[in-house]
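So the structure is just underneath, and the comments pick up after that.
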Amino acid sequence: MDLLNALVAFGNFVFVPAVAYGSQLALGALAVTLIYGILRFSNFAHGDTMALGTMVTIIATWGLQSLGISLGPLPTALLAIPVGIAFTAVLVLGTDRLVYRFYRKQKVAPVIMVIVSIGVMFIYNGLTRLVLGPDDQNFADGERFLISARDFKAMTGLSEGLAIRTTQVLTVVTAILVVAALFWFLNRTRTGKSMRAYSDNEDLALLSGIDPERVVRVTWIIVAALATIAGVLYGLDKTYKPFTYFQLVLPIFAAAIVGGLGSPLGAIAGGFVIAFSEVAITYAWKKVLVYALPEPLEPSGLMQLLSTDYKFAVSFVILVIVLLFRPTGLFKGKSV
Amino acid sequence: MTQTMRTTLLFALVAVLIIGTGIVQSWNSALFILNMGLVSAVMALGVNLQWGLAGLFNVGIMGFVALGGLAVVLTSTPPVTEAWAAGGLRIIGGLVLGALSIALAILTWQKAPRKWRGYAVAAIIIGGFFLFRAVFDPGVAAVEAYDAAISGNLGGLGLPVLLSWPMGGLLAAGAAWFIGKTALGLRSDYLAIATLGIAEIVIAVLKNEDWLARGVKNVIGLPRPVPYEIDLQNDPAFVERAASLGLDATTASTLWVKLQYSLLLTAVLVLILVLAQLSRNSPWGRMMRAIRDNETAARAMGKDVTKRHLQVFILGSAICGIAGAMMTTLDGALTPTTYQPLRFTFLIWVMVIVGGSGNNLGAVLGGFLIWFLWVQVEPMGQALINGITMGMGDGALKDHLQDSVQHMRLLTMGVVLLVVLRFSPRGLLPER
């Protein structure tokens, strides 16, 4: 019985949150890795792209809510996501046309592109703050829990509860659907294949008659969709605050690099590696250990390896370890 | 237009802008812009050394600036003897143990046979971590428990505050050595991510380790290298002199204090600028530029690229640390929550790019111009929004527009950066 309780506590506080967080990171890292593979630079503006896409979705959600439209138990934001994606796609395509294309034609060094993306980051960040302000925004509605801790206890008779929030399930399901669609697109469709070809060998792809500008446009649209979905899911699951999105860039990059920049599969694996380590290292294990260990061995402290404020340190340390011992990442990404 | 003339004109523009602020707004804000402009110029010089001279992409400037701020607290505040007695030795002992286990792990990795070194290193790291926590945690608890409302930290060394400026440089240099050892030699964007991460970690440490600098409880009332306004106002000689200039004592004292700061900061800026120029034109500087322009060729000529990169990375970061210490001294307080990457990392980058990367005078110019813009965008935006909303009736939209003025500056900085990168990619004062 105690062991079961320990398992449930582990599931409630570590496994479920980490799976949800990992899915969000994986979606973010997928977008970063796609930009890296096709456009060949690290996009520092990605966090703020997510924030902008989410912002539009939030505004559309409020519009729907005021019209009295809802999805019942599911958050209304799901209905508003297409609006967010459309807006973000237009925005990033416009940015590419106005800003990035000029440098792409010149074939500047990747680091110059990174500096350009810092300028874009400033603008996106400023836009988000201008429109919605820097404060928390709450836009989640619908049923809060799929299983609440109390129901779970009543159901199983255990003393530990397992709460599963709707948004967590939603995150995982959406992430699986999106990733499946993306992989189908990359591996089965003509456009997807041309994207992979372009990413693998630019010159060869050009020789085979692939239109590079088309590849770039499709990439940006996919990135807009991934960014908006990841941003909305993160906002529903945790909270929407522009600054936290900016900070998300760090674990997202860590996930993409750990998996191997340019490798979509690696991005997903990296997302979960980072999420699980972050949650596991900053969780106070006392509760689980008290159930799992016999009485004389029970810990007296919190058994927390690092305080939650150091979660950035976790992704950072993993990043450094991977870079030192396996510079191309777990899934053999590119190393330009 | 020759470069010299261009330089003179642009610096004259900066002078006009600052003096104009003095005439239009107030001399107090003009001096504020001047002082922070001086600090920004020093930071920009540090970044320019790394980027302009060596092509290293460091986006962890905020971390080094914050370490400089920490150095002010650690150097100039008086030591809290009771806290030291309560747990100071445990904390130091814990840190030493931690450092020793890391050193031991590195040594094992280098010397032990390949077969089992991985396990040995893992065992040393994990064992060392728990040992560190066992020694360190009770010390922290004891120190933070002591008089938490006023101190709750170990305090500093009680030395003169000006000494903290070189100390800030040293602290930042130490951190830079550590980062450089691990991250230099990796690709440019990896170094960027690594420095970005380190900066966030430094801020997290400042916010959470209360025993060090009180965390988010902030350290206020740091010692100053210049007299206090209130003392000046109570000094009859000063009041008399102010009166003879036609100023009341309060205004005169704030101006005089700020002016003294300006002189101190200018001295540091000039010193660093001269050193930067000398090093740039020296054989060392030529070698650094050779490495920047063609790493392979420089390596073939027998230059130790990794070592030189480490060197210049440490030097540039140390300058950022000095600037950080100067800024905290100027503020008289260390508030970890004010360290935001957009303000302390990316804004400095805008300064360097706009001023002209590779040109030290350009970096200084960028520091002043961008800082001026950063401060003045808000009043300018306010005027603009007031103009737009003049005809509007009172309502939610008008309020929202009025509120959002303060966020105009980020947008402006982004536009400035992109415009300069597009139309004048080498900056206002290009490298010769």
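Glycine residues also receive a Cβ, built from the backbone N, Cα and C atoms like all the rest.
The transmembrane segment annotation in TrEMBL covers B:32-49, B:56-77, B:83-107, B:119-136, B:156-178, B:190-206, B:259-279, B:312-334, B:346-374.
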So what's near the transmembrane segment (B:190-206) in sequence-distant terms, Cβ-Cβ under 8 Å and 6+ beyond its ends? 56-64, 66-67, 69-70, 175, 179, 182-184, 212-213, 215, 334, 336, 339, 341, 345
Given the transmembrane segment (B:32-49), its same-chain partners at Cβ distance under 8 Å and 6+ residues beyond its ends are 14, 18, 21, 58, 61, 64-65, 258, 261-262, 265-266, 268-269, 272-273, 276, 312, 315-320, 322-324, 326-327, 330, 348-349, 351-352, 355, 357-360, 362-364, 366-368, 370-372, 375-376
Out of B:156-178, B:259-279, B:346-374, which stretch has the largest tally of CB pairs under 8 angstroms to the transmembrane segment (B:312-334)? B:156-178
